[in-house]
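Participant: Residues or ranges marked as region 'Disordered' by TrEMBL: B:1-26. Here TrEMBL flags B:35-56, B:109-129, B:138-159, B:171-194, B:215-236, B:276-294 as transmembrane segment. The domain 'ABC transmembrane type-1' annotation in TrEMBL covers B:103-295.
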Amino acid sequence: MTSVSIRDLTLKFGSLEVLKSLNLDIDEGEFLVLLGPSGCGKSTLLNCIAGLLDISDGQIFIGGNNVTWSEPSERGIGMVFQSYALYPQMTVEGNLAFGLKNARMPKDQIAERIARAAEVLQIEPLLKRKPAQLSGGQRQRVAIGRALVRDVDVFLFDEPLSNLDAKLRAELRVEIKRLHHRLKNTMIYVTHDQIEALTLADRIAIMRNGIIQQLDTPHEIYNRPVNLYVAGFMGSPGMNFIEGDITHHSEAAINFGSTRIPLERYPFIRSDRPEKAIFGIRPEHVSCGAAAAGEPFTADVEIEVVEPMGADTLVWAVLDGKEFRFRVDGQSPLRAGETARIGFDPAKASIFDMATELRL
Amino acid sequence: MTDVTSLNAPHAVTTRRLDGPSGAKPKRAISPRNVFIYGTLLLVSVYYLLPLYVMIVTSLKGMPEIRLGNIFAPPVEVTFEPWVKAWATACTGLNCDGLSRGFWNSVQITVPSVILSIAIASVNGYALANWRFKGADVFFTILIFGAFIPYQVMLYPIVILLRELGIYGTLWGLILVHTIFGMPILTLLFRNYFTSVPEELFKAARVDGAGFWGIYFKIMLPMSLPIFVVAMIIQITGVWNDFLFGVVYTKPDVYPMTVQLNNIVNSVQGVKEYNVNMAATIITGLVPLIVYFVSGKLFVRGIAAGAVKG
């Protein structure tokens, strides 16, 4: 069943179109991540769903109700903000109770709700404290609790972990995922962090300039990006892109310099073959040394820079005059200035039409 | 002793400090820099405090002693007579009950003016900062423009306006004028403060179902004590020290303290009683002075908070 549904949503600030006739259906209990660089409209979209921004055109349905003109509090949503947005003068308990008091809920029922939320989030010892006396992680927990007590169908997260340090972010990420498994609410989560997106999402919507570029499972988005933008955005370090010419006399191949990469194993999704194309392969799909020998394509590269990152090492090399990055094991003995043998399977690659930047 | 033994122990040799500067750099108490800074501060303080000193000293002297002409000399014979006279018996026009009448008038003018203007201006500022209604910017520009129009231009039109309203010459007329003229600067002050409150807080409150007044009273008000104190100080001093509106829009029996002070000091008949004049002036200035001293810390904090953004 559909939980949140967005029809032809358009938002204009003056003459600037921030969201362009956007359509989106989110299933009940789904964890959807809106991912994109800053200024792509992802937070704006979330604010529109929450009712904090008045839309210019289109419709929004939440839980089967048309909420296009409803107040934020009437939409059955709870929202968690990046800066926590806890009311500084109220205790944690007051923060949790605020929304319920506004809804004129009886006192005993409020206490019951708070007790339950505090138990779920393990913030019972903090209830009497003020937000200023809490750590960043605790504050974010309270902020989640504020959405939780309202017993809503849809949770909206606006970059909730961006203000936390790396370690805490990883911890809370798991906790949000656990919370989702437990509550089974619909969750819409905005982030610019692809790790958060990949780890949390059932589906990811990658946005750019107010348009959803690709809406799919993390696996699909990572392995089969629909266009050059998505391919470049997902993955860190980014995908290697090499411009080349496609030939297909006897069998399809892509050529650049004196290198020829055979493409008979590549699963083309389109039948047309433009001449110019961009070949993309992720650094982690390249093998090196002895492992390279078994791959369908092998080549020698000159190593320029080696970046050890602990668990693995990123190698910046040159493949036939083009910059080429690949990832090797952290124990690798590779040194700058050496030549290494690399190999990969073109089946794992992505090829894009140079003109349209769409996947071939 | 333990230090010495550990120093002499063979393994401690490696940790011994080398010759030359070590630890915190010593600071000289009397350096050219300190002399310059404190010298300047002292000079400026004396410059500002000397007139006050003269006033206090003079107000404690009797007239014969003042006639000797040593205005910096402390009083030989301390008398509080001038203070009593200034407060209770000095004559202004027909009344001879001193400043006390003006003091109570001023209190009756200041308290409602301050409360009214702050109440309205804070709601204005909140609406302008957080509820971006259509035409908000135009409205704001007009309001700020009001702050730049010289008061003299509006004196007479307001006289007519008050007359038509039937409150010319009354305390309430003056209160209305003060409330209106406090509006531009106070609205600006509150708007800038509320803009600096994180927008997400406001959004969170809306998601939590609070409306215009709910957010104002339960979220914004409790967060804005410093700016309310600043606004209060600005208004109390402004209204209390006002002379022009007081003399134009009121009648003698409801004159505020400043107008009465002027009438005492500038009376042309009889001897100039400098001691009474000084005492009367200090009494008049005492209220703003006390307000500053009591809330100085909050004032600075509020000014700084309002200055960050907008």
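The backbone N, Cα and C atoms fix where each Cβ goes, glycine too.
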Participant: Who are the chain neighbours of the transmembrane segment (B:138-159) in space, where the CB to CB distance is under 8 Å and they lie at least 6 residues beyond its ends?
Facilitator: 124, 128, 168, 177, 181, 183-185, 187-188, 191, 244-245, 248-249
Participant: Sort out the residues at least 6 away from either end of the transmembrane segment (B:35-56), same chain, that have Cβ-Cβ distances under 8 Å to it, and list them.
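Facilitator: Contacts with the transmembrane segment (B:35-56): 71-72, 278, 281-282.
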Participant: Report, as numbers and ranges, every residue of the chain located at least six residues beyond the transmembrane segment (B:171-194) whose Cβ falls under 8 Å of a Cβ in that stretch; write 'none' if there are none.
Facilitator: 105, 108-109, 112-113, 116-118, 120-122, 124-126, 128-130, 140, 143-147, 151, 158, 162, 165, 220, 224, 227, 230-231, 234-235, 238-239, 242, 245-246, 249-250, 254, 256, 302, 305-307, 309-310
